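Student: Encoded as structure tokens, here's the structure I'll be asking about.
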Amino acid sequence: MFLFAGLGNPGPKYAGNRHNIGFMALEAICRRHRLGPLRRRFQSLAAEGEIAGEKVIALFPETYMNESGRAVSEAQRFYKIPLDHIFVFHDELDLPPAKLRIKKGGGNAGHNGLRSITAQCGNDYFRVRLGIGHPGDKALVHAYVLNDFAKSEKPWLDAVCDACADFADLLAQKRPEEFQNRAHLFLDAQGFGEQKRVGEKG
């Protein structure tokens, strides 16, 4: 069994925020693979189903970003899911827009959602890092991640969510490197190889 957790803040106020790209990617996976219906449990909205013949629970924590670990750990304990069967989809300031990377373990790069999960569950889960770019000044980060994606960003955002949905079966088959490679090729083919951040010159 696998746990796919999207990170974001609950409710319509935050739905379009850059910080919520993890929710958006997981929503695309749920639609594509018909996971559902959504039910309130584990301090989350949760959907269940199968991907590539494996049982998957998709988790949208309702704890707000900084307490995501409470929800993830509750579901993990209930189902006794090993850490290397957990994939967390989250926004990544240190990657350019439309870049996707996957890694197991490592630091939290200042991401409070990851910090919370690591504190509650341990470190050896997979992070699916979804690049949103950096505003260029640390003082601007808070406003940047809590602002909605610009209209001009929608094409690459949709493509990133499509890539996650298209290749989610590779995650359920424990083939994370192949997931990353296939997503990279897909985004390249869509013309999103070198995306600029909104407002970036170049």
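From the backbone N, Cα and C atoms, a Cβ is placed for every residue, glycine too.
The site 'Discriminates between blocked and unblocked aminoacyl-tRNA' annotation in Swiss-Prot covers Asn9 and rests on sequence analysis. Taken from Swiss-Prot, the feature tRNA binding site covers Tyr14, Tyr64, Asn66, Asn112, and the record attributes it to sequence analysis. Look at Swiss-Prot and you will find His19 tagged as active site, proton acceptor, backed by sequence analysis. Under the heading site 'Stabilizes the basic form of H active site to accept a proton', Swiss-Prot lists Asp91.
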Student: Of the recorded positions listed here (His19, Tyr64, Asn66, Asp91, Asn112), which is spatially closest to Asn9 (site 'Discriminates between blocked and unblocked aminoacyl-tRNA') when Cα positions are compared?
Tutor: Tyr64
Student: Below 8 Å Cβ to Cβ and six or more residues apart, same chain only. Which residues does that give for Asp91 (site 'Stabilizes the basic form of H active site to accept a proton')?
Tutor: Leu7, Arg18, His19, Asn20, Ile21, Gly22, His111, Leu130, Ile132, Val145
Student: On the Cα atoms of Tyr14, Tyr64, Asn66, Asn112, which are listed as binding tRNA, what is the maximum pairwise distance in Å?
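Tutor: About 16 Å separates the two most distant Cα atoms.
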Student: Using the Cβ center of Tyr14, Tyr64, Asn66, Asn112 as the tRNA site position, which other residues in that chain lie within 8 Å, going by their Cβ?
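Tutor: Other same-chain residues near the tRNA site: Asn9, His19, Thr63, Met65, Glu67, Ser68, Gly113.
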Student: Sort Tyr64 (tRNA binding site) into helix, strand or coil using the DSSP assignment.
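Tutor: Assignment for Tyr64 (tRNA binding site) reads coil.
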Student: Run through the Cβ atoms and count how many others sit within 10 Å of the one on Asn66 (tRNA binding site).
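Tutor: The Cβ of Asn66 (tRNA binding site) has 13 Cβ neighbours within 10 Å.
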Student: Please give me the CB contact count at 10 A for Tyr14 (tRNA binding site), counting all chains in the structure.
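Tutor: That number is 16.
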Student: For a quick check of packing: other C-beta atoms within 10 Å of the C-beta of Asn112 (tRNA binding site), how many?
Tutor: 16
Student: Write out the long-range same-chain contacts of Tyr64 (tRNA binding site), meaning residues 6 or more apart in sequence whose Cβ is under 8 Å from its Cβ.
Tutor: Asn9, Pro10
Student: Give the number of CB atoms, excluding that of His19 (active site, proton acceptor) itself, located within 10 Å of its CB.
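Tutor: Step by step: centre on the Cβ of His19 (active site, proton acceptor), count other Cβ atoms within 10 Å, giving 22.
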